[in-house]
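Listed in Swiss-Prot:
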- 43-111: domain 'KH type-2' (DOMAIN)
- 221-256: region 'Disordered' (REGION)
- 225-234: compositional bias 'Basic and acidic residues' (COMPBIAS)
Amino acid sequence: MGQKVNPYGFRLGITTDHVSRWFSDSTKKGQRYSDYLAEDVKIRTLLKTSLDRAGVSRIEIERTRDRVRVDIHTARPGIVIGRRGAEAERIRADLEKLSGKQIQLNILEVKNPEADAQLVAQGIAEQLAARVAFRRAMRKGLQGAQRAGSKGVRIQVSGRLGGAEMSRSEFYREGRVPLHTLRANIDYGFYEAKTTFGRLGVKVWMYKGDITNKELARVQANVKPSRERNDRPRRGGRGSNAPEASTVPAAAGVEA
């Protein structure tokens, strides 16, 4: 299970949080859950396309009644802001045109790009697109992540490696990467490299330690207990061995 599932979704509410924060129960067109979800996808697609070289690690979206707040976590904030903020204004105008709402754009710098799995995956993909040998690019990313203080790193590259006819996958791993441990803080990143031989997929897992017992207890306290099935009365009918209760009151016995 832990080897296949996305580490973010697997640990949602334990070590990770939602990247879109809003609520909708309206049935009006333009305010439905599906409308907001489709709008989020369009916003992320637009930003990833226009900021392909800006080293975007994460995009967070938060909504109020008449405003959308977009937080862009990037390793190169100068590219996103542009000269005298011209690029940021252009991005804000494009987002307002797309959503039809007021956009609050926040640009946040990632202090340590080598400790961010998404940025490491993007860096390896850029090297592969520049015809760097895939093993060399993987080792370079592995060494940088270890220097940044990660307790364990796993990097996997899949596709027509080296221009081979048959696609395959290769990975390097250093340290521990416990994907089954829910309390393990696993950072995950994925990026595609576009080469002359086709696309290569790059995946990066980083293990940054476990959350403490106090933090785990606080998370578990916030989770509502599941509803027990035993508190409901059993229904009779087919498959039920319990005798049906008689609705006729029992007659009182009289001793002779």
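Even glycines carry a Cβ here, placed using N, Cα and C.
Per-residue pLDDT, averaged across the domain 'KH type-2' (43-111), gives 92.
Helix, strand and coil counts from DSSP across the domain 'KH type-2' (43-111) read 30 helix, 24 strand, 15 coil.
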